[in-house]
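Below is one structure; the comments refer to it alone.
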Amino acid sequence: MSSLRVLVDGQEVELPEDVHYLLRDGERLTVSPTPADAEPDRQLGFFVPILGRWFFHADNVPAARVLRIDGAAVRNVRQELPTGRVTEVALTTDVATRPVNPRRPADGDHTPAPPPPPPVHTAAPPRGAIRYVIGRVGTKADIPVDDPLVRARHATVRIDSKGRWWIAGELYVDGVRRMSATLTDGQVFVVGQTAVTVSPDLLPNAPGQTGPRPGVRELRSGELRRPTTETGLAVRLDHVTAVGDKGKVLLDDVSLDIAPGQVVAVVGPSGAGKSSLIKVLMGELTETSGKVHLGPGTDGRTDPQLRRRQVRYVPQGDEDLFKTLTVRETLSYAARLRAAADTLPREIDDRVGDVLRRLGLDQPADLPDRRVGNLSGGQRRRVSIGTELVGSPQLLLLDEPTSGLDPGKDRAIMADLRAVSVTYHCTVLIVTHSTEHLGLVDRVVVVAKGGRVHDAGPPETVLRTLGHATWADLMVELDREPATPENRPVTAGSTPPRSPLPARWDLAGLRTLLHRQFTLTSRRGLRSLAVLLAVPLICTGFAVVASPDGLRPGAEMGAVLAILVTVAALTGAALTYPDIVGDEKTLRRDFRVGVETAPMILAKALVYSGVCAVLAGVVTVAFALVRALPPMVYGVPPLAMLYGVVLLTMLASMGLGMFISAGSPSLERAVTWSTLLAVTQVALSGTLFRLGGVIGVATGVLPTRLGLAAVASYSDLNRHRRPALYEDWMWDSGVGRFWVLNIMAMLVFLVAVAGAVRLLHRRWTR
Ligand SMILES: Nc1ncnc2c1ncn2[C@@H]1O[C@H](COP(=O)(O)OP(=O)(O)OP(=O)(O)O)[C@@H](O)[C@H]1O
């Protein structure tokens, strides 16, 4: 780890890896390794190294002053400092535009301010105290946490003389994300998705000490346990009301207590609001009033990213699985996307093996290597449940896990879920219409029309209390009940603002997505690959027969060119327009566990770029083998020019195909838009009619027009065109023009891919 060099009052100081304090001495600033305990007002803050990075933590900046780091006013209580160069720190007398306050919303942000942060001590950590590492089970961590989302060195703890824990690293306290906190015994913090209660019991023996310390639970290396959350996440809904479009009440004053580790079934007639309850727990539907408490000490606030980690959702049906992946591949990719970036392949294999065994997916022996598309309905449901279990969820929500299954499989899945809650220490909430095996759950929550909780309790008690012999009778009665008026006024409470979801954007995630996309593309099947090659080849044949001169100056050069760029453009768009919309359910599942749309789309773009590189090569070589190319100009060999232009036209169209796919709610809509794009590209490429004035410029973003113009400029089409063909300003020869046209095609590709990322994100967070 590098030291930190700071320039204070004209003096450069090098800070070794330990806490140093920024003190005020009258008008002078000094840096000291000891705090100003006697005069706390003198202490402006401290520099602290945390897991290889340096931070400045502001403590006590006088109101009339501004503390500046590298010239910029310090606006946050904690900010990261650059290493490898000198950081200048100064105290100035000008008025700060914004005071030091980490939770103040940005200017122009009119959403209600979130509640104040919890009282977490923020002075400097003790010097010289033993440093304990909190990390994943199976690593060398002193405090091991059985949680796949915890890194090997997730956070460090130092304990002061008063027994307070000074924790540094990524953690959540009271549902709020922090990079450090000072907590006392009994206080709770979350690392990864696991709640840990501060207690000396969690500490290993001090160095040099032999045998267990009195009152200390001895930890064995590799011991699998969660420090505190042995039984899953507790869920409490406190008078929660949620409203949908046009003011429709979806949940009406719902109060509910679910103990950790319980298996709970939510039943009720169609349209009652069961799914709305799940959406509120996932954070996809924001409560209008009331509070949702997940786990201990959240005070009704949970950072959306933490909620994504702790709450895992198994959607209805099996549309959200890739049918061409095997069972083992499905679970492995899911495990990698639900694990900390530093997880080893061996850990992933162990986790997958464990889930296969516990869900009975390891028998017969070839089952793990069968493709998901070849499994029975019940087996597919198990794979879908396993997809979340590999991430060791704290709260598992399932929407109709047994719909469409026969009663035997229905019972088997319900029994499996019972076992899952015990073996994976998680709370399970099942929305179901199937009431035959409700005896297997701990509690039933009955939701009536209008989103009200009609009753909740152990299954046999609920039936008895409501005076019905069977669940079917109860459902019939609830179905008959009129719903409460749908658009009645709802009291607005302290709505938590919907904060943007921070992205998970690590290299390990991108690598997994790339690997998965490559596997999926290579499994498209021989027939599909043959079509992929045959169509551009056949169309290249049209270009071959269009003119014996090929791309040499001749009467039909324009027609040859038009065919070649149209082949490239249509092939590119055809590759991707059905892709994102077709995979949407599976991708959305990844998004729910924290994978951002950027790496998802990037992985697709990279794999399809590879496919385009091959197809462009096939088209170019097929044409060049039979027909002549133009003479070399601008120092660019004609074969390289043709390959480059065909590839860029294909890429730009491929990007537009992704954009269409990301913005289309259904495949039908994507077909409509891509047809429109194809016709536009053919009609406005520049060879059918003159594109002058504004249209001439506006169509300059179309891949066919750019591609055609690039080759036209290279082979000087304006001079050699057929008399009937119009002259176009974009076709004038010139080396600058040639390169600008190619760069523009690249830009169209990049902008379209970036647009696809944003569109998809907006659709999923709206
Ligand atoms: N965002 C929304 N805006 C307006 N109405 C909505 C919204 N979401 C759902 N609804 C409607 O609210 C009612 C409750 O929907 P919800 O999906 O929660 O019911 P459900 O009990 O899960 O039904 P089912 O068992 O049929 O899946 C339905 O009438 C539904 O059409």
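Each Cβ is built from the backbone N, Cα and C atoms, and glycine gets one as well.
Just so you know, TrEMBL annotations never went through curation; they're auto-generated.
According to TrEMBL, the features are:
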- 95-125: region 'Disordered' (REGION)
- 202-225: region 'Disordered' (REGION)
- 215-225: compositional bias 'Basic and acidic residues' (COMPBIAS)
- 235-475: domain 'ABC transporter' (DOMAIN)
- 482-501: region 'Disordered' (REGION)
- 526-546: transmembrane segment (TRANSMEM)
- 558-580: transmembrane segment (TRANSMEM)
- 601-629: transmembrane segment (TRANSMEM)
- 641-663: transmembrane segment (TRANSMEM)
- 675-698: transmembrane segment (TRANSMEM)
- 738-760: transmembrane segment (TRANSMEM)
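Relative to the transmembrane segment (675-698), the listed stretch 558-580 leads the set 526-546, 558-580, 601-629, 641-663 in CB pairs under 8 A. Under the criterion of 3 or more C-beta pairs below 8 Å, with sequence separation of 6 or more, the transmembrane segment (738-760) and the transmembrane segment (601-629) qualify as touching. Averaged over the domain 'ABC transporter' (235-475), the predicted model has a pLDDT of 87. Beyond its flanks by at least six residues, the transmembrane segment (526-546) meets 556, 559-560, 563-564, 566-568, 570-571, 574-575, 611, 615, 618-619, 622-623, 626-627 of its own chain at Cβ-Cβ distances under 8 Å.
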